[in-house]
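Read the structure below first, then the notes.
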Amino acid sequence: MTDLESPKNGKHLDQVHHNNNEIIESEPLTWRFWRKQRYIVVLLAFFGFFNVYSLRVNLSVAIVAMTENRTVFDADGNVTYQQDFPWDSKQKGLILSSFFYGYILTQFLGGYIGTKIGGNIVFGTGIGSTAILTLLTPMAASHSLEMFLAVRIIEGFFEGVTFPGIHAVWARWSPPLERSRMASIAFAGNYAGTVVAMPCSGFLATKYGWESVFYVFGTIGVIWYITWLVFVKAGPEQDRFCSKEECDYIQKTIGYVGTKHIKHPWRAIFTSMPFYAIMASHFSENWGFYTLLTQLPSFLRGELGYTTNGNSSTKSSRFRTRSTLTLAKPGILSAVPYLAMGILLAVSGYLADWLQVKGIWTTTQVRRNFNCGAFLAQTVFMMLTAYLLDPTWSVVSLTIAVGLGAFAWSGFAVNHLDIAPQHASVLMGIGNTFATIPGIVSPLLTGYVVTNQTSDEWRIIFFISAGIYLVGCVIYWFYCSGDLQEWAKTPEQKAQEAEEKAQLQLTQTAGFVNSGAELKD
């Protein structure tokens with residue numbers, strides 16, 4: 001029996017349409033979230049994404065330690081400088097982007113397989129495999145640059161299935177009026193992982209050597225993988241920890257529990273403007289995000305003067321320190337923007353659901369206003385960063401830019417579940433394939449543009465990011481939708497809608513007849 005079969009209900013349940021606004025859970029959700037199994041899934045997904053990004057970003061800090069000039073004193077007291085790896089800026093750009101060569105290949109595959117065998121297996125195995133490969137990274141880097149690149153590419157290959165895989169999980173576990181908060185809380189793990197990984201990577205690299213960065217985070221990832229497999233199943237009907245009442249509530253509000261024989265309407269998908277709007281926004285958000293994710297430590301160290309040693313003479317001495325925690329300082333500062341985003345993600349998700357529940361905004365209005373408002377703010381603060389280039393105000397501007405991106409994640413990131421819930425994992429797979437291009441192009445572009453760490457070079461990078469945010473904002477504003485698309489409706493849903501329409505017409509006709517009879521009397 002597979003995860004997609006339903007032992008709790010005795011048989012596989014097909015898709016049934018329900019008005020989810022009329023279904024109320026007898027025991028409402030409270031702060032005691034652990035009493036609802038779906039929020040245990042959210043919590044473990046949070047830690048899953050924590051691992052996704054800690055395994056991804058640790059190299060951004062570790063590579064600084066791997067390539068820095070270390071001061072070495074010989075027996076005669078002579079001073080020399082050594083590097084573990086003498087990579088130039090172009091080689092470092094290639095290393096940082098190599099992950100995405102594998103990552104881009106498995107997006108669609110992860111979404112497609114997730115609908116077949118269960119998103120829990122795809123999501124968990126993707127992270128677990130990446131964690132194991134991370135443990136092998138020091139050995140690969142010591143062997144050769146080519147081996148190091150190969151391991152990073154394979155890591156990306158496995159991690160590429162994670163976002164499509166989790167959408168397959170949400171399609172089975174998240175009631176429509178809880179989608180924003182559930183997804184946002186889980187996605188906050190991305191930024192929690194970034195916040196923890198960046199300063200911790202700096203500390204570990206300084207205290208125990210750069211190899212320890214990969215050993216520590218790889219071990220944490222393996223432990224999470226085992227926990228995820230034990231406690232999370234593809235859907236509530238398969239989960240022994242989920243009560244029958246909660247299972248019934250989730251299935252009825254969602255309107256379907258998944259099927260092994262989903263037929264994807266490819267032509268309709270690739271001619272859907274709301275889907276292209278999501279793709280454009282995802283690309284724009286990822287461009288700014290990946291640019292900062294891979295380059296922020298280098299930017300803080302090189303341009304703003306948060307250096308790893310005191311030997312550089314290109315910056316004013318007031319920006320230079322000789323702290324023993326030289327790598328921890330840029331690591332901590334690099335994490336600040338993601339701390340803001342992690343906090344605001346929970347706020348934005350709850351606010352988005354609240355606006356829908358109260359009927360203040362429709363789903364389309366929530367997605368459009370949250371997404372485009374965030375993009376406009378990010379455009380402004382990216383441009384401010386480009387103009388200021390000040391150690392304090394640049395960090396402030398970047399923190400606001402990245403933090404407000406949390407509201408965009410309550411827009412485009414869950415929009416797949418609005419327009420086509422049963423196809424959401426496939427849509428995410430296709431969209432994230434396109435949205436992975438920035439992860440490849442942005443580090444390479446930065447490596448070619450920023451060769452001398454000058455202000456003008458960094459301004460170009462930030463102006464490009466601001467422009468891409470603005471383009472994504474315009475496209476999403478005009479073409480987004482929060483409504484279930486006609487091509488995504490099941491035969492049962494269409495039949496139910498036809499029946500409701502017929503009943504409405506019958507009621508209206510009866511009303512006209514009664515009114516006419518009253519007038520006649």
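The backbone N, Cα and C atoms fix where each Cβ goes, glycine too.
Note that TrEMBL annotation is computational and uncurated.
Lifted from TrEMBL, the feature list:
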TRANSMEM  39-66  transmembrane segment
DOMAIN    40-484  domain 'Major facilitator superfamily (MFS) profile'
TRANSMEM  94-114  transmembrane segment
TRANSMEM  121-141  transmembrane segment
TRANSMEM  147-170  transmembrane segment
TRANSMEM  182-206  transmembrane segment
TRANSMEM  212-231  transmembrane segment
TRANSMEM  332-352  transmembrane segment
TRANSMEM  395-414  transmembrane segment
TRANSMEM  426-448  transmembrane segment
TRANSMEM  460-479  transmembrane segment
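Spatially, the transmembrane segment (212-231) is adjacent to the transmembrane segment (39-66); three or more Cβ-Cβ distances between them are under 8 Å for residues at least 6 apart in sequence. A Cβ distance under 8 Å defines the sequence-distant neighbours of the transmembrane segment (332-352), meaning residues of its chain 6+ beyond its ends; these are 60-61, 180-185, 187-188, 190-192, 194-199, 202, 292, 296-297, 300, 306, 366, 370, 395, 398-407, 409-410. With a cut-off of 8 Å between Cβ atoms, the residues of this chain six or more beyond the transmembrane segment (39-66) that come close are 29, 33, 84-85, 87, 92, 95-96, 99, 123-124, 127, 130-131, 134, 137, 141, 152, 155, 159, 162, 166, 169, 173, 182, 185-194, 196-198, 201-202, 205-206, 209-210, 213-214, 217-218, 220-221, 224, 227-228, 231-232, 241, 293-298, 301, 308, 327, 330-331, 334. Ranked by number of Cβ pairs under 8 Å to the transmembrane segment (460-479), the listed stretches 94-114, 121-141, 147-170, 182-206, 426-448 are led by 426-448.
Note on the domain 'Major facilitator superfamily (MFS) profile' (40-484): mean pLDDT across this stretch is 84. Of the candidate ranges 121-141, 182-206, 426-448, 426-448 has the most C-beta pairs within less than 8 angstroms of the transmembrane segment (94-114). Residues 89-90, 92-94, 96-97, 99-101, 103-104, 107-112, 115, 160, 163-164, 167, 264, 269, 275, 278-279, 282-283, 285-287, 289-291, 294-295, 416, 419-420, 461, 464 of the same chain lie 6 or more positions beyond the ends of the transmembrane segment (426-448) yet place their CB under 8 Å from a CB of it. Under 8 Å from some Cβ of the transmembrane segment (121-141) lie the Cβ atoms of residues 3, 45, 48, 51-52, 55, 58-59, 66, 85, 106, 110, 113-114, 147-148, 150-152, 154-155, 158-162, 164-166, 168-169, 210-211, 214-215, 217-222, 224-226, 228-229, 232, 234, all in the same chain and six or more residues away from its ends.
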